[in-house]
Amino acid sequence: MIRDLTAVLGSAHRAVLFRYLVALFAYAVAQGLSVALLVPVLSDLLTGDTGGAARWTGWLAGAVLVTLGLHYVQAMLGFKVALVILTTLHHRLGDHVAALPLGWFDGTTVGRLTRMGAKSVLSIAGSCAHLLQPLVTGVLTPATVVVVMLFLDWRLGLATLVCSPLILFAARLSVRLLNRMDELNDAAGVEASGRVLEFARNQPVLRAFGRTTDGYAPLEAALEEQRAASRQQVWMSVPGMLLGGFAVQVCFSALIGVGASLALDGAVDPVELVALLALVARFAGPLAEVGDFAAVVRAARNDMGRVRAVLEEPPLPEPERSAPVTVPGAVEADGVRFGYPGRGDRSGDVVLEDVSFTVAPRTVTALVGASGSGKTTLTRLIARFFDVDAGTVRVGGVDVRDQSTAALMEQLSLVFQDVYLFDDTLIGNIRVGRPDADEEEVLEAARLAGVDEIVARLPEGWETRVGEAGTSLSGGERQRVSIARALLKGAPIVLLDEATAALDPENEAYVQRSMDALRATSTLLVIAHRLSTVTGADQIVVLDEGRVAERGTHQELMALDGRYARFWNERHRALGWRIATGTRSGSGTDSGSSSATGSGTS
Ligand SMILES: Nc1ncnc2c1ncn2[C@@H]1O[C@H](COP(=O)(O)OP(=O)(O)OP(=O)(O)O)[C@@H](O)[C@H]1O
């Protein structure tokens, strides 16, 4: 645990942890010595040597004072370490996470991070303030008592020494048994509450399919399992609870037996024996308590393990000096191969293979392909969420690995489908695109993207907060805010994943207007779902199972009569590219008012 603490704290704060440990060890030993001083005090009292008893009481009082002082010092240092942990860990985690590749942030890692910031860091700090002290004193104080007993009477000392691991072992076994039962019960509880949640969330589906009357089997099974686990917990907890106390009683009785036989043989003075047994009584308690902390120690170690795992996550390698952009607005993939890192190793299945294409500045490229063909992955590689396994991705004419994250992000705007909004006003959310933009620029971007139209419907207009993650806005509205951010940022390259859902004519018109505005200033690489985007693109890149199958304009690819033409005709005929009756706004596309949708294929 101390090794874990040193690792998570980092080298800068080891000194304060070291000081705390020294004070804590000194306190534990002083406490043991104070207890041991009871032996001469009691011996002298029982033999009627009041002078000797008074002298030893003086020493005892001194030792108690020193112990109290050390107690205070170690407690203060413990709190200091806890505070250092709180601030240091939050900073270390924050700095480290900011340097991690964007691809690291998926649903599970974000959940882990939230839990870590809210719970694990507090638990680690708390364990330093409250857990280390009983653990160290629980072991060191009895150890000191044993050493003193070895000096006073080596036979009784030896017998006590033999008893120590037995008490410790029984206490740990008892706690392990109780924890095992708790874990089983917890797991059953988690499963049951998950099923309850699932049952509640899936009510529309269950009702739609008439599954409300005959119950929901997974939920019933989970509740039954929970009942069984609770019953088992009750039965198995009883021996667990008795075991620790039983071991203390057995050892104590054995020590009394050893002492009594020594006294009968005249090897130990009976008076001294009474005093020594008083010492033994003080020795067993803290030792047995150490076992009680096993579960808390394990939880704290797990928390430290989680924090360590994040801190040991390799950050994105960055060049010392960012290479200057040579072709502003250009994007190039050159022989790119990539597979998502598998669990624990980097040899995931290959998702992109030998992907090469060039996007000239201020042009529009539409990425199309079946679901799972690698379109999103490609845009992630351009924004360097991950590093490629082979080949090169160039942005602005330069390998993304030769650019700092800041330099790369300066060139890019990302408009993805899963737009996350801050719980702020719409203005605040758009301003994220360029924090130093003035009010007029923000409002102009909002107008172009049609955000002003959303505002007109909100109760407090521009001052309305959009709720955590933008939950009070629809998906299409959230994407409009994201487009407004991109417009405001004015980055040379925009990576845009069009909404897959069919847009209503109003949304369609706003998206079209924004795209026209964006293409006037930036290079656009679009995961295209709308007919107008595909047909109006300067270049269409057709991905098929992670490879570039075809490349060219709509006319060229149709004339080629290959995969794209087939895909186009199939979609057009079977599922139908839906021709929406939207307003045609701006220019630049040959069918600005159309929207294309097709299930499973873009
Ligand atoms: N974070 C991830 N970890 C592991 N595999 C992933 C991850 N994201 C995507 N994949 C896999 O990579 C492949 C390509 O996915 P990608 O999302 O790039 O395809 P896509 O063409 O954008 O699909 P869609 O049109 O459905 O969004 C798929 O097989 C997918 O399961």
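Including glycine, each Cβ sits where the backbone N, Cα and C put it.
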Range among 121-150, 481-510 that TrEMBL annotates as transmembrane segment: 121-150
Which listed span TrEMBL calls transmembrane segment, if the choices are 156-175, 376-395: 156-175
Folded-back contacts onto the transmembrane segment (156-175), same chain, C-beta under 8 angstroms, at least six residues removed: 142-143, 145-150, 240-244, 246-248, 250-251, 254-255, 258-259, 262, 268, 273, 276, 280, 283-284, 287-292, 294-295
Outside the transmembrane segment (241-264), six or more residues from its ends: residues with CB under 8 Å to it: 153, 155-156, 159-160, 163, 166-167, 169-171, 173-175, 177-178, 270, 273, 276-277, 280-281, 284-285, 288, 291
